[in-house]
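Peer 1: Can you keep this structure in mind? I'll have questions shortly.
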Amino acid sequence: MADSNTMVDVKSDSVTVKTGDTCRTRSSGVMFTPKVTHDMVRSLFDPTIRKSFLEYCVTLTVIGDILVGYWIGSKYSVQFAKYFFLVQYTIWRLAYNVGIGHILHQQSKYEILSNFAIKNKLFDKKNNSNLSRFCKFELQTKLGEEFDIESYPPEYLIWLMFRQFVDLILMQDFTNYIIFVYFSLPDYQGDYVKSLLNFRTLIGIIMVMLNVWIKLDAHRVVTDYAWYWGDFFSLQDSELTFDGVFNIVPHPMYSLGYLGYYGFSLLCGDYKVLLVSIWGHILQFLFLKYVENPHIEKIYGSSKLTNNNDNIDDIIIKENNDYTKPLISNGLYFENFQLLRFTDVFTLASVIYLCAWVVKSKPGSYYLFIVTAASKLLSWSVYSALLYKQSQYRSYTKAFLKNGFTQIYSYKNWQFIYNYLLSITTTLLILQTLYKLYENYHAINTVNIIFGIIVCVIQIWCNYEIRQAISDFGYFYGDFFLTNYIIERKLTSQGIFRYLNNPDAFLSNCGVLGSALMTNFNHENITLVGIWITTNLLFNKFIEQPHVDKVYGKNKRKAGVEKSLLKIKPIKSLLNVLDSLEAALLNKIIHEKQLKDSHDAENLMDWGIAMQDTIRDVKTNLAPNCLLKVESNGSDKCILPNRILVSWQLPSEVYDTKDWIGLYNVLSTRSDYKKTKISSFGHWSATCKNSYKADPRNSNSVNEFRDKGSIIQGTVIFDNNLLVYEPGIYEFRYHSKNSHNVFLISQPIQIEYPKFETDNPERLFEDFKRTLINIGSLLDNKFDGNGNKYFNIKAFVKFIHYSTGIELSTDYIKNVNGDIETICNRICEIKKILNDFS
């Protein structure tokens, strides 16, 4: 049967020909309206439909096959009958894939059948040759006496004859396979209940039933026009449709359409039947590759995907001379391996070491299971945490940028990390599975091993299809790291993503499922299946999907499988219920968080009120002639490195020349309002110039001192030599004599760094230069770490972060020798990159 994807791959739809649709011949362009025809099963077995001579012959051959099978099985043996029909199936399968394939290939390239009919006037009324008369007789008996042969082009008529021979070959292919399967069924010695209750049998029956539904649904969509390769003979003019099974998988007639082969293999429990089925299925894929696909591309154009991510990969390579395609492990071998790239050699060496370790040490399957599980959990934790931080805060990229590396360099390192973790976990899983088979070689189930390999091949195919659709950029989660390179913020719906929204979340588990199958569902491998599935679902739900919504928007793309499932009312109702539960749970979490935030805010407000009351209590004890005030012109902020003027006043009877004022972070002192329990770390000032002669810097800060008899007043200046270069909420504390006993506490003041614009490196350079001069940390346009003891290189890094929003590391500052111009250029460059992320 012609795969309906004859139209799907190129047009994204399937071609349906309905009664009244207009067709035209390929070369001559003759327009005509085709007669109503039926599918093969109805044509042969529906008694209400007119049948031709050849259709009766095909029906008789099917009955003859059954009778011959009964006779051989009775007269000889079941084993002989099985091999007899295996030979029969082989002949008819080759007649299908090789015979029909060759004819269709010639018809596609040279229209050999159409030209034969035209050249020999096969359907001409005056042609009385035996072949012509037989063909006309066959069509008349099939379509009725009223069918006017001469009113239809020869291309259409020869197609109708071609269908009859297709019926013969396909029915013989199917019948002989079924009889071969019948003779391969296990002998349950009359215990049919046991056979039906067998898990393997039930799965096999389900697969066969699914196969029947797929074939029927496929024919419903494409009708017998595509079923019998109608577009090899004539082209139709009708609407394109994309429905049913064609929403689920590519090439459904040749992929899931052969699911029954594997269902019958399970029913038989015989690996020989499975191998025969695989052989037949492979021939069908070869038929698709070498017969149908070339014709599709010839008639409808190439089905090559247009992938924006391919363009992104090209742009990255063109703009970065040192960038090369990354190493990729597909489970069997490495792609893009480069001997001169150390990370590639290291990855390969690690894999080889693991293999050698297992061979030499023979650690045992249980130990390998523990190592494999731990490796998966650890690697998942690493790349999940890394991608989460990158998505939320761009932490990974920032870590490289602040140390002087480029955005692309950080992406290259991520590619190595991700591929390395994937390679190690995959290698360990393979080694664990092989070692388990080695330990239990006496109980090896060949059928399970073959099915396990098939499932693993599905994952390899899935990985290949994913990379074809989203390229290396998508495969390595490039939209987490290089959002600024995305050309069009639109999710792809090409290739495998046409059928599944996130194929990697589901089909990436096929490898570990295959390992469980091969080890006969050993409990250790079942545990690994649980780990793989759980980690993949958690990653998709809480990391990948939220990031996709952030980058591409929340307009959810509906893939083919989802569209098909949503048409089933019970499933749609269930999904609606689950969505409602998820929304309710999310609302509850948000509500609880809002209550907690509100409670925290109330606590913070209460703490602030308590602090104000405490300060008032201290002042009240010394009232009425006490004062400690920050002269800030009505503002409660100080922008560094501006000076802070502090005025004070005390009664003369309590004043002492050794009194001093310290600057403290309010979070450090908290409610210790009677005695300061922490050091000021040099951020203090005397109240009288001559009181601390050994500390000239702390004494020179005294700006004014006035003795008014009963009252002592004064002001001190906290300049760049005394200020704290750590943004936060601070307070000044007046201490008695040379102690830490508190007399007065000022109102809190917020100390901040200035905010600078980063769109112009020249202007930023001038801002930095002016600020550093005021701080006293600039020498020859370079940062001077010895200019101000409180403004060291760590403080300078914080200054850059708070004033520009950009992080640079101390190592980078040292590498550029503190050159302010270079630092400003780097800040503007990083700011542009990070802005492009949003």
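A Cβ is built for glycine as well, from the same backbone N, Cα and C atoms used for every other residue.
Since we're looking at a predicted model, the values are computed, not measured.
Marked as transmembrane segment by TrEMBL: 53-72, 197-214, 339-359, 365-388, 416-435, 441-462.
Give me the local environment of each listed feature.
Peer 2: Packing against the transmembrane segment (53-72) from elsewhere in the chain are residues 43-45, 80-81, 84-85, 88, 137-138, 141-142, 164-165, 167-168, 171-172, 175-176, 179, 182-183: each is 6 or more residues past its ends and has a CB under 8 Å from a CB in it.
Using a Cβ-Cβ cut-off under 8 Å and counting only residues 6 or more beyond its ends in the same chain, the transmembrane segment (197-214) has close neighbours at 245, 252-253, 256-260, 262-267, 269.
Beyond the ends of the transmembrane segment (339-359), by six or more residues, the same chain brings 324, 327, 329, 368, 416, 419-420, 423-424, 427-428, 431, 435 to within a C-beta distance below 8 angstroms of the stretch.
Same-chain residues lying 6+ beyond the ends of the transmembrane segment (365-388) with a Cβ under 8 Å from its Cβ atoms: 358, 396, 414, 417-418, 421-422, 424-425, 428-429, 431-432, 435-436, 439, 477, 480, 524-525, 527-528, 531-532, 535, 538-539, 542-544, 547.
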